[in-house]
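Participant: One structure is given below, represented as structure tokens, and several questions about it will come after.
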Amino acid sequence: MVVAPLLRLPLTGVRCVGRSYRPQFSAVKRDICPQSLQLNIDRAKSFSTSLSKWQVQDLDRTRNIGIIAHIDAGKTTTTERMLFYSGFTRRIGDVDEGSTVTDFLPAERARGITIQSAAITFHWPPGDGAESQPAIQDSSAPRSANSHTINLIDTPGHADFTFEVMRSLRILDGAVCILDGVAGVEAQTEQVWNQASTYNIPRVIYVNKLDRDGAAFGRTVREVSSRLAVYPAVCHIPWFEGGDGSFVGVADAVNLQGLRWKEGEDGRSVKMSSLEQLDAEEPALSEELRRARIALVELLSEEDDMIVEKFFECDEDHLAVSPMDIVDSLRRCVLDPTSRIVPLFAGASFKNMGVQPLLDAVVNLLPSPPEAPDPEVSIGGVKGGLRRLLSGDLIVKQSEEASQSSKGKKKKKGSHSVDPKDAISKLESCALAFKVVNDAKRGVLVYVRVYSGSLDRNSLLFNTNLHLSERAPRLLKMYANDAVEVDSIPAGHIGVVVGLKHARTGDTLVSYAGNKPTPPEPLTSLQLRPIDVPPPVFFTSVEPHSLSEEKRIHESLQLLLREDPSLHVTVDEESGQTLLSGMGELHLEIARDRLINDMKAKASMGRIEIGYRESSTGASGSVTKIFEKDVAGRRGKAGCTAMIEPFSGETSSDVTEDTILTRLIDGNNIVIRAPGLQVERVRDDEETSPFLPPGMDLETLRTALQNGALAALARGPQFTFPMHNTQVTLTINPTEHLFGSDTTTSALSAAARQATSAALRDLVAGPGTVMMEPLMNVIISVDEASLGSVVHDISSSRGGHILSLDEDVPVSATDASGSGSISEDPLPPIDPKRVYAPADPFESPSVDLDMPMSTSHQRTITAKVPLKEMVGYLKHLRSLTAGRGTFVMSVDRFENMSAQRQKAVLSELRGGF
Ligand SMILES: Nc1nc2c(ncn2[C@@H]2O[C@H](COP(=O)(O)OP(=O)(O)OP(=O)(O)O)[C@@H](O)[C@H]2O)c(=O)[nH]1
């Protein structure tokens, strides 16, 4: 076959040796010598200190990306190389030595794993990023010819941090999925892949660790198709010296060239070889490279008509299609949410091989903020895209639905409607607080992604989750744990607000025109990409060393909760004990480290235990309590009636005319009724009643009663576990339960708590309560040989219920993500004939386009198993599977325990056997 002269894409930011590499684009005539890469943090800081620069910055040259992977696949190692090659750091940090930039919490450094999502900004190729670049780009040059600003969010890989992964994923415009070239696609890779799919995040794949013994690139590629249900567009194939020697580089199917790194160097120098040179030096590799190129063009042609045209223009010569045309085609596929093609690259980050081409791929293939999928918002119970919201459509729909649902209801006195489009025109900016970090030097940092408008210094931010406003006194642009001050953060960018006292991870912040304390309705309910926080399933006690420490510990715990809302703190009313609960053992261990080592809290933590629950098995009687006592020198009197029953799961089933609240909190439903209260709306945001104590509005009454009920529900009447699946109906009779100015908020809370506790005790004499335990969705990956013993162990010894035993199930068919939001049908399986994968060195027949692929004989077991039986399971699984089995799990729900199981668990908890 004749090789056409190729327009080669420059591999940016590298020093080339050997055949001298000459990019053919005028736009790349700049200094890429190694000295220019020795850019340090100080210089990086000076890039963007002024407001104007960030504002005029070309969003097209910005990438907000994340790295997703299985634990230990090499996220941190790859990130460190990215920072080094971009010139951000002078030396390569090492995970094993604990000297990385992104894992900057002491606990992370000590454990060598990533816990917090650190946001970090750098430029690729090295330069000034999107700033100071020509506005118009040469369309014949690849995007990587110009310096781009990359905001990288390092996501955690451990299953205990599912919520943290979801939280960081939702602000990404694109992601790099790193696979371990030895382990291939692992259970947790599937899990994070699935989570990224829920947000339609465009992705590229990077197969890492190809230097390790047992690395199997071809097998990994096939697993990508069978387990992730996408078509891998193989852009790189590994270069093993002489076919089966050590890993020395990659052969690039887009540019038809070899890229070779020298073992032991820092990876900045790369030797590039043309196809002709490869023909002479590595004939087997060049032959495989041609096949890879043919397969790539064929695959793209299946989904992209434009590449078909180019192919015909090149007289149907796959090798003659230009690299630029292939990159453009790959980009179209990556950005098309209906496409199943995912570009795939190869490397060994630890050996400093393959990272620069991956960075080029980030810039060339992943979307800029305006090209990213429209983020989901919800407003007044209506969901849709942000762009629809900003156009006014969504808010009109919301207002129509609101007026439909209020039809037939009496219009409240003094109420008036707001023009919905008017409300949206007042929206100045909206941002998502995606991470709260307590920084020892700078205080509490709230990382935000701005979605519309511009978040300005000193603007008043309304928190739509907490319903309060606070000013943003200082704004920062972050460089890992270094920062520069800015005056505003424009849409599409990631920055930090310093000085917020309340905002928590996951809160939506809006700024608006006008001087009112709250934005106009329905903007108060605007939520960006809302996510459900899964229930905590483990807990531990926190005991202050002295009474004087108590206050400081509670402040530290509050900060911990702002950082991580998947942690919960409760105080047991009777014992006074503080309990910290979370998603997993490691989750609580890390929280313990944070509290004791980082925040220097003087406290002891108890054993980490499973968080059981208690639930009513029938209805209690109605119990009324009148609280009358002086509280803090002030007289307090209030009454309340409570009734408990099992919760049906339908929050709306009991709503009547006199219902003033129904709220599902932590698996319990709180209903508050106030017959005869005569509610009046005085302003958009305030309701009152002639019966309410002076100065108290309806929202305050609701909150006081709700808090009282929640305090009582934290302790079940029979087993002292928190109540679950329980409905409390509180009734306030204005003439019997409210006593003018004597009725304070604390008196109302106390009355609600006493009435709820009494109703709970009433259950014990009546229908009784039952213990509940967390039931997990478990997905286990094992090889065929171990299948029988693992299945037997799960179903016989652990009381699990096997749901399916599948061969290479694409993850979309099974959901262990815990996100609770995946409902789409599984994608149809991939046609193996369309998957190209080069033969692995130990494999004799090369896997051809027309050959059926060999299966990896991996099996996936999907089961539901009580959490108690899964504690310490990894060790056991490893012993059953000769170290190869992996699993992921997430909470399915809490399930009532049988009398026999309840007895056994109780006796174990009490120390018996
Ligand atoms: N041989 C080899 N080892 C690698 C490579 N990349 C990473 N490693 C090693 O794999 C281990 C895990 O790497 P990390 O970079 O910490 O992985 P991670 O995905 O960030 O892990 P978490 O932060 O725990 O999710 C470390 O011991 C690395 O040195 C590689 O390309 N080759």
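Positions of Cβ are set from backbone N, Cα and C atoms, glycine also.
What TrEMBL records for this protein is below:
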| type | residues | note |
| --- | --- | --- |
| DOMAIN | 60-370 | domain 'Tr-type G' |
| BINDING | 69-76, 154-158, 208-211 | GTP binding site |
| REGION | 126-149 | region 'Disordered' |
| COMPBIAS | 134-149 | compositional bias 'Polar residues' |
| REGION | 399-420 | region 'Disordered' |
Participant: Please work out the number of neighbouring Cβ atoms within 10 Å of the Cβ of Thr155 (GTP binding site), leaving out its own Cβ.
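Facilitator: Here the count is 26.
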Participant: Which binding-site residues from the set Ala69, Thr155, Leu210 come near ligand 1, judged by a Cβ under 6 Å from any of its atoms?
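Facilitator: Close enough to ligand 1 are Ala69.
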Participant: Using DSSP and collapsing to three states, where does Ala69 (GTP binding site) fall: helix, strand or coil?
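Facilitator: DSSP call for Ala69 (GTP binding site): strand.
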Participant: So how many other Cβ atoms are close to Lys75 (GTP binding site), meaning within 10 Å of its Cβ?
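Facilitator: So the Cβ neighbour count for Lys75 (GTP binding site) comes to 29.
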Participant: Which value does the mean pLDDT take for the domain 'Tr-type G' (60-370) in this predicted structure?
Facilitator: 86
Participant: Look up Lys75 (GTP binding site) in the DSSP assignment and reduce it to helix, strand or coil.
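Facilitator: Lys75 (GTP binding site) sits in a helix per DSSP.
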Participant: Counting only other Cβ atoms and using a 10 Å cut-off, which of the binding-site residues Ala69, Asp72, Leu210 scores lowest?
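Facilitator: Per-residue Cβ counts within 10 Å for the binding-site residues Ala69, Asp72, Leu210 bottom out at Asp72.
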